[in-house]
Amino acid sequence: MANGRNRRRRAPMSLRNVQVGGARPYRIDIGADLLRDGALLAQSLRGRHALVVSDNNVAPLYLQRTVDALRAARPDIRIASHAMPAGEQEKTLARFGNAIDALAALGATRDGCVYALGGGVVGDLAGFAAACWMRGIDCVQLPTTLLAMVDSSVGGKTAVDLPQGKNLVGAFHPPVAVIADTAALATLPARELRAGFAEVIKYGAIVDAPFLDWLAAHSDALLDGDADALSEAIARSCAHKAAIVERDPFEHGERALLNFGHTFGHAIETAQEYGTLNHGEAVAIGMVLAARLSTALGMATDTDTMILRALLQRFDLPTQLPAGLDPDTLLAHMRLDKKAQASGLRFVLWDGLGRARVVADVPEDAVLGVLRSG
Ligand SMILES: NC(=O)c1ccc[n+]([C@@H]2O[C@H](COP(=O)([O-])OP(=O)(O)OC[C@H]3O[C@@H](n4cnc5c(N)ncnc54)[C@H](O)[C@@H]3O)[C@@H](O)[C@H]2O)c1
Ligand SMILES: O=C(O)C(=O)C[C@@H](O)[C@H](O)[C@H](O)COP(=O)(O)O
Ligand SMILES: [Zn+2]
């Protein structure tokens, strides 16, 4: 049930895929029941070792079918599984160490593969383990949340959090394949489904204003779990992310647009010690704050902020800074944002719907002004 709605479980019409080009191209497959497709799961497995990393919510639901399908396709391989405790507070160096221990126990050779089965927390942590084991082995992302399907499984940013900040320890390590089984969305808690829409809306906000109209028009279907609408939203989001990371895999320029709302959002998550709002919710608030900062700097109109806020609210996402967060503490966290430079803070701001850009040397007073007015 989402918001008291009955989520439909109709299977999507077809398999979709999105190609991510560049030096190490890979394909994103999107469709129902792909976790049961052993041939697909095994197609990028070069060696004889596979570690399936999941969490203690996802493992009881999807681990067995994944391992069974892999084993059926490749009876010759050694498969181990590792389920970490669920949640952002577990995206730590200590849990990363546990995943590395699991690779060591498996005796994974350099042609082995990590399968990241879960949401963005599992994807980021397992991807980072794959990036580090023997200086880098293959990783297949098997996203099971909407957020992971539309964003975190694609593009190769892997990381764990520190108490000082989000994703502060990590590596760029693109997957060799992304396989998004949309049937997994049927078990996703409604709050987590909504969180995923924050990152979906982000693509519209930064580069595709007509997508925002489409999302508004299809919000009921999307929140009801309509398979075709979800499949379209996932494919369109992945196409945007693929195009951007293909052109700028290491965030030297354009890729930073994907960080719209994240300077504020990550500061909120860090200040709350990763325990209150989830990532999507924090990004939703962060996008509204970024839009308001753009207006404060004379770049955009309030009307665009109102349209963005209304759309986020339509997806039951928060749009206001939670009470009790100290603006100076948030600003201090922002100084450790990965876009910050010696010369000062850099923000992704916008000139209006679908027109984001990176702005350097944003005055801290302007940021504090936005934070102090809520
Ligand atoms: N690498 C990137 O480019 C990138 C992009 C966006 C977000 N992220 C990261 O992703 C993380 C957030 O990801 P998330 O929103 O997926 O959170 P998450 O991984 O914590 O998953 C949310 C919750 O849903 C549960 N869950 C997952 N799939 C399920 C399913 N199918 N059925 C039932 N329960 C399920 C999980 O156990 C967890 O409790 C953050 O750490 C964020 O920083 C990374
Ligand atoms: O892929 C990217 O690039 C993004 O910025 C996507 C974001 O949604 C994601 O949350 C990412 O992990 C943030 O990266 P960071 O470099 O700010 O830690
Ligand atoms: Zn994000």
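Counting starts with 1 at the first residue shown.
Positions of Cβ are set from backbone N, Cα and C atoms, glycine also.
Of the residues Glu199, Glu232, Glu364, TrEMBL places Glu199 in the same Zn(2+) site as His262, His279. On a Cα basis, Glu199 (Zn(2+) binding site) lies 17 Å away from Val122 (NAD(+) binding site).
The two recorded residues, His279 (Zn(2+) binding site) and Lys166 (NAD(+) binding site), have Cα atoms 10 Å apart. Taking the Cα atom of each, His262 (Zn(2+) binding site) and Gly120 (NAD(+) binding site) are about 15 angstrom apart. With a cut-off of under 6 Å between the Cβ and any atom of ligand 2, the binding-site residues Gly120, Val122, Asp124, Thr145, His262 reduce to His262. Under DSSP, His262 (Zn(2+) binding site) is assigned to a helix (H, G or I) in the three-state scheme.
Looking at Asp124 (NAD(+) binding site) and Glu199 (Zn(2+) binding site), their Cα atoms lie 16 Å from each other. Under the DSSP three-state reduction, Lys166 (NAD(+) binding site) is assigned to strand.
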